[in-house]
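Copied from Swiss-Prot, the annotated features are:
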BINDING   Cys24, Cys27, Cys40, Cys43  Zn(2+) binding site
Amino acid sequence: MARKSKIERAKYPAKFKVRVRNRCKMCGRSRGYLRDFGLCRICFRFLANSGKIPGVVKASW
């Protein structure tokens, strides 16, 4: 419930531009955000493992 209200509040114009927080496009999580993909680490891993993000492969060395 608290996450939904934070997401709704994030849609309104902010008083200060510094307080803008990046959020995951899928789940709304604010921590572990990957800017290049617009996703949190959990959603990124899920989509990468299922092959939905083109060009992303598991690292092996």
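From the backbone N, Cα and C atoms, a Cβ is placed for every residue, glycine too.
Taking the mean position of the Cβ atoms of Cys24, Cys27, Cys40, Cys43 as the Zn(2+) site, the remaining same-chain residues with a Cβ inside 8 Å of that point are Arg23, Lys25, Met26, Gly28, Arg29, Gly32, Tyr33, Leu39, Arg41, Ile42, Phe44. Minimal Cβ crowding within 10 Å, among the binding-site residues Cys24, Cys27, Cys40, Cys43, is found at Cys27.
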